[in-house]
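Below is one structure; the comments refer to it alone.
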Amino acid sequence: MLKDIYERSLSGEITIEDARKLLEANPFELFDTADQLRKEIVGDNVTYIVNRNINFTDFCVGTCKFCSFKNNKGFRLTLDEILQRVGAAKETGSTEVCIQGGLTEDMYLEDYAGMIRAIKSKYDIHTHAFSPMEVYHMSRMSGVTVEESLKTLKVAGLNSMPGTAAEILDDEIRSVICPGKLSTSEWVDVVSTAHRVGIPTTATIMYGHIETWEHRLKHLFIVRDVQRQTHGITEFVPLTFMHENNSLSGKSMGASGMDDLRMYALARIIFGRDIPNVQASWVKLGTKLAQVALNCGANDVGGTLMEENISKSAGSKSGEYLSPDDLQAMIKAAGRIPRQRNTLYKLLG
């Protein structure tokens, strides 16, 4: 274990210079340090959530070059179809629905707020919905500020937001992989404003394409800075780039397994106590590498999902659904204690 790094992480003193040096460290010492930090900060529980993803449309005016989901099937769910999916989620014990969709030219703030109101009027379930880009887009379409949109969504019943659309928080990289998407400062503004009006979010990174480790490290420190200012980030979710069926596939085959594990370890070390929850996405990594990530800093495996269209369209072979029993078995096989949680990391049962 890297004792000095361990101590400085716990006291919140890790610098970007430290992180650069850690890239040259013995990887197994790096992983062990992250694992010991995980044990100190959150213990041996590994959490999961019973939830359902609902992607309500793949129509999108966006230009993200890493996306394999846009206009793939050409669908848009009606409100009744969305409600049917929420009802099915409730019947199977879901505590959360995660709702995201493409950016359309005919949906406005009231459409998004109406969707949340309709769900909340019929079901007692946590709504985790709409990426920062969706909020930015609906605000522009409706001629209102981001803060006005977020306040309207909160009144409608929005409980939390996914911190997706972060990709790499570097405008030079963003101009290549997602031209026209909200900028780094705009992503920070949407997320920080959400926290200010009482909507917690997650935070993500989508790595393994054209960016360098320097870009990744800067991204992690931007996220840490946001958390230190707002304290509204519930978890950090590294998303390894899925390279099939998109225009970035010729530039990268994605991150190596070792780089995936370095990402989890560095996130744990850099965030320390600031963001205690680091999620290993079984959809992105597969169950076996997700188990390894649990020994490299991660303490959560995400959700049951029930349906997952975005990673699947980009070549994920990990499936769309794992039952609670499946997730518990995966966690136990990694030598850890499975615990069900809600969206805000309250343990259930």
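Glycine is no exception: its Cβ is also placed from the backbone N, Cα and C atoms.
It should be emphasised that the depicted structure is a prediction, and the values quoted were computed from it without experimental measurement.
The feature [4Fe-4S] cluster binding site is assigned by Swiss-Prot to Cys60, Cys64, Cys67, with sequence analysis given as support. Annotation comment: Swiss-Prot describes 46-273 as domain 'Radical SAM core'.
Overlay of Swiss-Prot annotations on the structure.
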{"residue": "Cys60", "record": "[4Fe-4S] cluster binding site", "CB count, 10 Å": "18"}
{"residue": "Cys64", "record": "[4Fe-4S] cluster binding site", "CB count, 10 Å": "23"}
{"residue": "Cys67", "record": "[4Fe-4S] cluster binding site", "CB count, 10 Å": "22"}
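For the domain 'Radical SAM core' (46-273), the model's average pLDDT works out to 94.
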